[in-house]
Amino acid sequence: MPNVSNIRFNETEDVSLKYAMEPRSKRGVINLYNMIGCATGCRPLSYKGYGCYCGFMGSGFAVDDIDRCCQKHDSCYGWANCPLSGMVYIVPYFWKCVYDQPHCAIDHSIFGGRDSCASKLCECDRQLSLCLQRHSCPQSRPFCTSSPFSK
């Protein structure tokens, strides 16, 4: 059972930086990988290349609800307003997995506070993880036929 004494109960969506900096915290896209594993219990790579949006450069029409989760995630990254679009894959943020629920830190140290790029990316990844949590682990990867990037 995790130590929950450091969770700020007045901040139900967030955890303290001290709690988030424990070993579970990672960097950039590694955060997303681990956060999906936390929330879903699925192998995170089972989502890579799923449909039109689960992977890099999503486009076309989402093939199902899992793909729609990824489509929303792509849009969320667009709204994060990070200084450079490529930064969304490398900006570190702090989070913690508590009872299969990802929680973003309130403060991301030198990477910014509540309205920072790091904070917004953490929330985007958290929302994706919670969306995917509502579905069974993928047993196959539907192919995207509506994207110009389809092979």
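Using N, Cα and C of the backbone, Cβ positions are placed for all residues, glycine too.
Residues or ranges marked as domain 'Phospholipase A2-like central' by TrEMBL: 28-145.
Under the three-state DSSP scheme, G55 (Ca(2+) binding site) falls in the coil class. Packing around G55 (Ca(2+) binding site) is summarised by its Cβ count: 16 other Cβ atoms lie within 10 angstroms of its Cβ, all protein chains included. The annotation Ca(2+) binding site is assigned in TrEMBL to Y53, G55, D74.
The 10 Å shell around the Cβ of C54 (disulfide bond) contains 26 further Cβ atoms across the protein chains shown. Taken from TrEMBL, the feature disulfide bond covers C54-C70 (among others).
Following the DSSP three-state reduction, the secondary structure of C131 (disulfide bond) is helix. Taken from TrEMBL, the feature disulfide bond applies to C69-C131 (among others).
Taking a C-beta cut-off of under 8 Å and a sequence gap of six or more, H73 (active site) has these contacts in its own chain: Y53, C124, D125, Q127, L128, C131. Annotated active site per TrEMBL: H73 (among others), in sequence order.
Marked as disulfide bond by TrEMBL: C76-C124 (among others). On its own chain, C76 (disulfide bond) has K120, E123, C124, Q127, L128 as residues at least 6 apart in sequence with a Cβ closer than 8 Å to its own Cβ.
According to TrEMBL, the disulfide bond annotation covers C104-C122 (among others). In this view, C122 (disulfide bond) is surrounded by 28 other Cβ atoms within 10 Å of its Cβ, with every protein chain counted. Taken residue by residue with DSSP, C122 (disulfide bond) is part of a helix.
There are 26 other CB atoms within 10 A of the CB of D125 (active site), with all protein chains counted. Annotation comment: TrEMBL describes D125 (among others) as active site.
The Ca(2+) site is set by Y53, G55, D74; from the centre of their CB atoms, other residues of the chain with a CB within 8 Å are G51, C52, C54, F56, M57, G58, D67, C70, Q71, H73. When DSSP labels each residue, the domain 'Phospholipase A2-like central' (28-145) comes out as 57 helix, 13 strand, 48 coil, counted as helix, strand and coil in that order.
Considering only the recorded positions G55, C104, C122, the residue whose Cα is spatially closest to the Cα of C70 (disulfide bond) is G55. In sequence order, Y53, G58 make up the list of same-chain residues 6 or more apart from D74 (Ca(2+) binding site) whose Cβ falls under 8 Å from its Cβ.
Nearest in space to G55 (Ca(2+) binding site), taking C-alpha to C-alpha distance over the disulfide-bonded residues C69, C104, C122, is C69.
With the fewest other Cβ atoms inside 10 Å of its Cβ, the least crowded of the disulfide-bonded residues C69, C104, C124, C131 in this structure is C131.
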